[in-house]
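Participant: The structure follows.
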Amino acid sequence: MFKVVICDDERIIREGLKQIIPWGDYHFNTIYTAKDGVEALSLIQQHQPELVITDIRMPRKNGVDLLNDIAHLDCNVIILSSYDDFEYMKAGIQHHVLDYLLKPVDHAQLEVILGRLVRTLLEQQSQNGRSLAPCHDAFQPLLKVEYDDYYVNQIVDQIKQSYQTKVTVSDLIQHIDVSESYAMRTFKDHVGITIVDYLNRYRILQSLQLLDRHYKHYEIADKVGFSEYKMFSYHFKKYLQMAPSDYCKQAK
(Lines of atoms letter the chains of each structure in order from A and count residues from 1; the text may use other names and numbers.)
(Lines give C-alpha, C1' and ligand atoms only; values in the text may rest on other atoms or scores of the structure.)
Protein backbone atom coordinates (compact mmCIF):
# COMPACT_ATOMS: atom_id res chain seq x y z
CA MET A 1 0.00 0.00 0.00
CA PHE A 2 2.75 2.48 0.98
CA LYS A 3 6.22 3.12 -0.45
CA VAL A 4 9.55 3.91 1.24
CA VAL A 5 12.92 5.09 -0.08
CA ILE A 6 15.98 4.10 1.99
CA CYS A 7 19.05 6.21 1.25
CA ASP A 8 22.51 5.44 2.67
CA ASP A 9 25.95 5.26 1.11
CA GLU A 10 26.71 2.08 3.08
CA ARG A 11 25.21 -0.87 1.24
CA ILE A 12 25.11 -3.06 4.34
CA ILE A 13 22.91 -0.50 6.11
CA ARG A 14 20.39 0.13 3.34
CA GLU A 15 20.09 -3.56 2.45
CA GLY A 16 19.94 -4.48 6.13
CA LEU A 17 17.01 -2.13 6.72
CA LYS A 18 15.29 -3.43 3.60
CA GLN A 19 15.62 -7.08 4.63
CA ILE A 20 15.35 -7.00 8.44
CA ILE A 21 12.40 -4.66 8.99
CA PRO A 22 9.05 -6.46 8.45
CA TRP A 23 7.77 -3.73 6.14
CA GLY A 24 4.61 -5.61 5.22
CA ASP A 25 3.49 -5.46 8.85
CA TYR A 26 3.37 -1.67 8.48
CA HIS A 27 1.63 -1.65 5.07
CA PHE A 28 4.81 -0.81 3.11
CA ASN A 29 4.86 -3.11 0.08
CA THR A 30 7.39 -1.26 -2.09
CA ILE A 31 10.91 -0.54 -0.82
CA TYR A 32 13.42 1.39 -2.92
CA THR A 33 17.10 1.89 -2.03
CA ALA A 34 19.59 4.56 -3.07
CA LYS A 35 23.29 5.01 -2.35
CA ASP A 36 23.25 8.82 -2.31
CA GLY A 37 20.97 11.83 -2.41
CA VAL A 38 21.03 12.07 -6.20
CA GLU A 39 19.63 8.57 -6.63
CA ALA A 40 17.18 9.12 -3.79
CA LEU A 41 15.85 12.35 -5.29
CA SER A 42 15.20 10.61 -8.61
CA LEU A 43 13.32 7.78 -6.87
CA ILE A 44 11.31 10.18 -4.74
CA GLN A 45 10.27 12.30 -7.72
CA GLN A 46 9.35 9.21 -9.72
CA HIS A 47 7.50 7.18 -7.08
CA GLN A 48 6.31 9.75 -4.50
CA PRO A 49 6.87 7.60 -1.40
CA GLU A 50 5.11 8.20 1.90
CA LEU A 51 8.40 7.74 3.79
CA VAL A 52 12.06 8.58 3.16
CA ILE A 53 14.80 7.22 5.42
CA THR A 54 18.08 8.97 4.70
CA ASP A 55 21.61 9.23 6.00
CA ILE A 56 22.98 12.72 6.61
CA ARG A 57 26.55 12.53 5.32
CA MET A 58 26.78 11.06 1.81
CA PRO A 59 28.72 11.75 -1.41
CA ARG A 60 27.31 13.84 -4.28
CA LYS A 61 24.24 15.04 -2.36
CA ASN A 62 23.98 14.85 1.43
CA GLY A 63 20.86 14.37 3.50
CA VAL A 64 20.29 18.04 4.26
CA ASP A 65 20.51 18.98 0.57
CA LEU A 66 18.08 16.18 -0.20
CA LEU A 67 15.70 17.56 2.42
CA ASN A 68 15.89 20.98 0.77
CA ASP A 69 15.03 19.42 -2.59
CA ILE A 70 11.96 17.56 -1.29
CA ALA A 71 10.71 20.17 1.19
CA HIS A 72 7.72 20.92 -1.05
CA LEU A 73 6.67 17.27 -1.22
CA ASP A 74 4.24 15.55 1.12
CA CYS A 75 6.48 12.81 2.49
CA ASN A 76 7.73 11.84 5.93
CA VAL A 77 11.46 11.71 6.66
CA ILE A 78 13.56 9.77 9.16
CA ILE A 79 17.18 10.89 9.41
CA LEU A 80 20.04 8.46 10.10
CA SER A 81 23.47 9.61 11.23
CA SER A 82 26.62 8.32 12.85
CA TYR A 83 27.20 11.83 14.13
CA ASP A 84 25.44 13.20 17.18
CA ASP A 85 25.55 16.61 15.53
CA PHE A 86 23.04 19.13 16.83
CA GLU A 87 23.32 21.49 13.88
CA TYR A 88 22.51 18.75 11.39
CA MET A 89 19.69 17.55 13.59
CA LYS A 90 18.33 21.09 13.86
CA ALA A 91 18.42 21.44 10.08
CA GLY A 92 16.39 18.25 9.80
CA ILE A 93 13.82 19.38 12.35
CA GLN A 94 13.30 22.57 10.37
CA HIS A 95 12.28 20.37 7.45
CA HIS A 96 9.55 18.57 9.44
CA VAL A 97 11.52 15.38 9.93
CA LEU A 98 9.52 12.60 11.56
CA ASP A 99 12.40 11.38 13.71
CA TYR A 100 16.18 11.22 14.03
CA LEU A 101 18.05 7.95 14.67
CA LEU A 102 21.72 7.41 15.41
CA LYS A 103 23.62 4.53 13.85
CA PRO A 104 23.71 1.64 14.44
CA VAL A 105 19.96 1.77 13.97
CA ASP A 106 17.86 0.32 16.77
CA HIS A 107 15.39 -1.76 14.74
CA ALA A 108 12.87 -1.92 17.58
CA GLN A 109 12.91 1.87 17.86
CA LEU A 110 12.43 2.22 14.11
CA GLU A 111 9.45 -0.14 14.24
CA VAL A 112 7.86 1.96 16.98
CA ILE A 113 8.19 5.00 14.69
CA LEU A 114 6.73 3.05 11.77
CA GLY A 115 3.81 1.97 13.91
CA ARG A 116 2.99 5.59 14.74
CA LEU A 117 3.42 6.67 11.13
CA VAL A 118 1.17 4.01 9.62
CA ARG A 119 -1.62 4.88 12.05
CA THR A 120 -1.40 8.48 10.88
CA LEU A 121 -1.32 7.51 7.20
CA LEU A 122 -4.31 5.21 7.55
CA GLU A 123 -6.24 7.85 9.48
CA GLN A 124 -5.54 10.32 6.67
CA GLN A 125 -6.80 7.82 4.11
CA SER A 126 -9.94 7.27 6.12
CA GLN A 127 -10.58 11.00 6.48
CA ASN A 128 -10.00 11.50 2.76
CA GLY A 129 -12.51 8.78 1.98
CA ARG A 130 -10.06 6.68 0.03
CA SER A 131 -11.30 3.28 -1.09
CA LEU A 132 -8.67 1.32 0.81
CA ALA A 133 -9.56 2.83 4.17
CA PRO A 134 -11.22 -0.39 5.46
CA CYS A 135 -7.67 -1.70 5.94
CA HIS A 136 -7.38 0.64 8.90
CA ASP A 137 -9.91 -1.18 11.07
CA ALA A 138 -9.07 -4.65 9.82
CA PHE A 139 -5.37 -4.47 10.59
CA GLN A 140 -5.32 -2.13 13.57
CA PRO A 141 -4.74 -5.04 16.01
CA LEU A 142 -1.57 -5.95 14.09
CA LEU A 143 0.11 -2.56 14.43
CA LYS A 144 1.31 -2.83 18.01
CA VAL A 145 5.01 -3.71 18.04
CA GLU A 146 5.18 -5.31 21.49
CA TYR A 147 2.81 -6.30 24.29
CA ASP A 148 3.48 -6.28 28.01
CA ASP A 149 3.05 -10.04 28.25
CA TYR A 150 5.84 -12.47 27.41
CA TYR A 151 3.55 -15.25 26.19
CA VAL A 152 1.55 -12.95 23.93
CA ASN A 153 4.74 -11.68 22.29
CA GLN A 154 5.92 -15.26 21.78
CA ILE A 155 2.66 -16.21 20.09
CA VAL A 156 2.77 -13.15 17.82
CA ASP A 157 6.35 -14.02 16.84
CA GLN A 158 5.31 -17.59 16.06
CA ILE A 159 2.44 -16.36 13.89
CA LYS A 160 4.78 -14.15 11.87
CA GLN A 161 7.24 -17.01 11.42
CA SER A 162 4.75 -19.73 10.47
CA TYR A 163 1.67 -18.06 8.93
CA GLN A 164 2.51 -19.53 5.52
CA THR A 165 2.00 -23.07 6.81
CA LYS A 166 -1.21 -24.85 7.85
CA VAL A 167 -0.46 -23.94 11.46
CA THR A 168 -2.89 -24.50 14.36
CA VAL A 169 -3.20 -22.86 17.77
CA SER A 170 -1.58 -25.94 19.30
CA ASP A 171 1.37 -25.52 16.93
CA LEU A 172 1.75 -21.86 17.86
CA ILE A 173 1.98 -22.50 21.59
CA GLN A 174 3.85 -25.80 21.64
CA HIS A 175 7.10 -24.11 22.70
CA ILE A 176 5.39 -22.04 25.41
CA ASP A 177 5.07 -23.61 28.84
CA VAL A 178 1.39 -22.77 29.38
CA SER A 179 -1.89 -24.51 28.64
CA GLU A 180 -3.77 -23.82 25.42
CA SER A 181 -6.73 -22.38 27.31
CA TYR A 182 -4.49 -20.01 29.29
CA ALA A 183 -2.68 -18.89 26.12
CA MET A 184 -5.94 -18.23 24.28
CA ARG A 185 -7.45 -16.30 27.19
CA THR A 186 -4.31 -14.22 27.82
CA PHE A 187 -3.95 -13.40 24.13
CA LYS A 188 -7.56 -12.24 23.86
CA ASP A 189 -7.20 -10.11 27.02
CA HIS A 190 -4.11 -8.28 25.72
CA VAL A 191 -4.76 -8.08 21.97
CA GLY A 192 -8.54 -7.85 21.90
CA ILE A 193 -8.99 -10.62 19.33
CA THR A 194 -8.41 -14.37 19.34
CA ILE A 195 -5.23 -16.10 18.20
CA VAL A 196 -7.00 -17.53 15.15
CA ASP A 197 -8.44 -14.12 14.26
CA TYR A 198 -4.99 -12.52 14.54
CA LEU A 199 -3.50 -15.28 12.36
CA ASN A 200 -6.11 -14.83 9.65
CA ARG A 201 -5.81 -11.03 9.68
CA TYR A 202 -2.04 -11.35 9.39
CA ARG A 203 -2.40 -13.76 6.47
CA ILE A 204 -4.70 -11.35 4.65
CA LEU A 205 -2.33 -8.46 5.34
CA GLN A 206 0.54 -10.43 3.82
CA SER A 207 -1.62 -11.33 0.82
CA LEU A 208 -1.91 -7.64 -0.07
CA GLN A 209 1.82 -7.62 -0.82
CA LEU A 210 1.31 -10.36 -3.43
CA LEU A 211 -1.82 -9.18 -5.23
CA ASP A 212 0.09 -6.89 -7.60
CA ARG A 213 2.78 -9.45 -8.45
CA HIS A 214 0.89 -11.38 -11.13
CA TYR A 215 0.13 -14.40 -8.97
CA LYS A 216 -3.14 -16.24 -9.39
CA HIS A 217 -5.39 -15.65 -6.42
CA TYR A 218 -5.41 -19.34 -5.53
CA GLU A 219 -1.59 -19.24 -5.51
CA ILE A 220 -1.66 -16.31 -3.10
CA ALA A 221 -4.09 -18.18 -0.86
CA ASP A 222 -1.65 -21.07 -0.64
CA LYS A 223 1.37 -18.81 -0.09
CA VAL A 224 -0.20 -17.18 2.97
CA GLY A 225 -1.34 -20.42 4.57
CA PHE A 226 -4.96 -20.97 3.55
CA SER A 227 -5.73 -24.59 2.67
CA GLU A 228 -8.48 -23.58 0.24
CA TYR A 229 -9.06 -20.54 -1.93
CA LYS A 230 -12.64 -20.21 -0.70
CA MET A 231 -11.34 -19.70 2.86
CA PHE A 232 -8.94 -17.02 1.63
CA SER A 233 -11.74 -15.29 -0.26
CA TYR A 234 -14.07 -15.52 2.75
CA HIS A 235 -11.58 -13.90 5.15
CA PHE A 236 -10.53 -11.31 2.57
CA LYS A 237 -14.15 -10.17 2.22
CA LYS A 238 -14.66 -10.37 5.98
CA TYR A 239 -11.81 -8.00 6.80
CA LEU A 240 -11.75 -5.70 3.76
CA GLN A 241 -15.42 -5.74 2.76
CA MET A 242 -14.51 -6.57 -0.84
CA ALA A 243 -13.32 -9.47 -2.97
CA PRO A 244 -9.62 -9.77 -3.90
CA SER A 245 -10.46 -8.90 -7.51
CA ASP A 246 -12.27 -5.72 -6.43
CA TYR A 247 -9.36 -4.74 -4.21
CA CYS A 248 -6.98 -5.08 -7.16
CA LYS A 249 -9.18 -2.84 -9.30
CA GLN A 250 -9.42 -0.13 -6.63
CA ALA A 251 -5.70 -0.28 -5.84
CA LYS A 252 -4.73 0.55 -9.43
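For all residues, glycine too, the Cβ spot is worked out from N, Cα and C.
Owing to the predicted nature of the structure, the values given are computational and were not obtained by experimental measurement.
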Participant: Of the ranges 97-120, 217-240, which one does Swiss-Prot flag as DNA-binding region?
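Facilitator: Residues 217-240 are the ones Swiss-Prot records as DNA-binding region.
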Participant: When Swiss-Prot marks a stretch as DNA-binding region, which of 148-169, 170-191 is it?
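Facilitator: Matching range for DNA-binding region: 170-191.
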Participant: Looking at Cβ-Cβ distances, which residues of the chain lie under 8 angstroms from Asp55 (4-aspartylphosphate) while being 6 or more apart from it?
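Facilitator: Expected: Cys7, Asp8, Asp9, Glu10, Ile13, Gly63, Ile79, Leu80, Ser81.
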Participant: Count the residues of the domain 'HTH araC/xylS-type' (153-250) that DSSP assigns to helix (H, G, I), to strand (E, B) and to coil, and report the three numbers in that order.
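Facilitator: Computed counts for the domain 'HTH araC/xylS-type' (153-250) are 66 helix, 0 strand, 32 coil.
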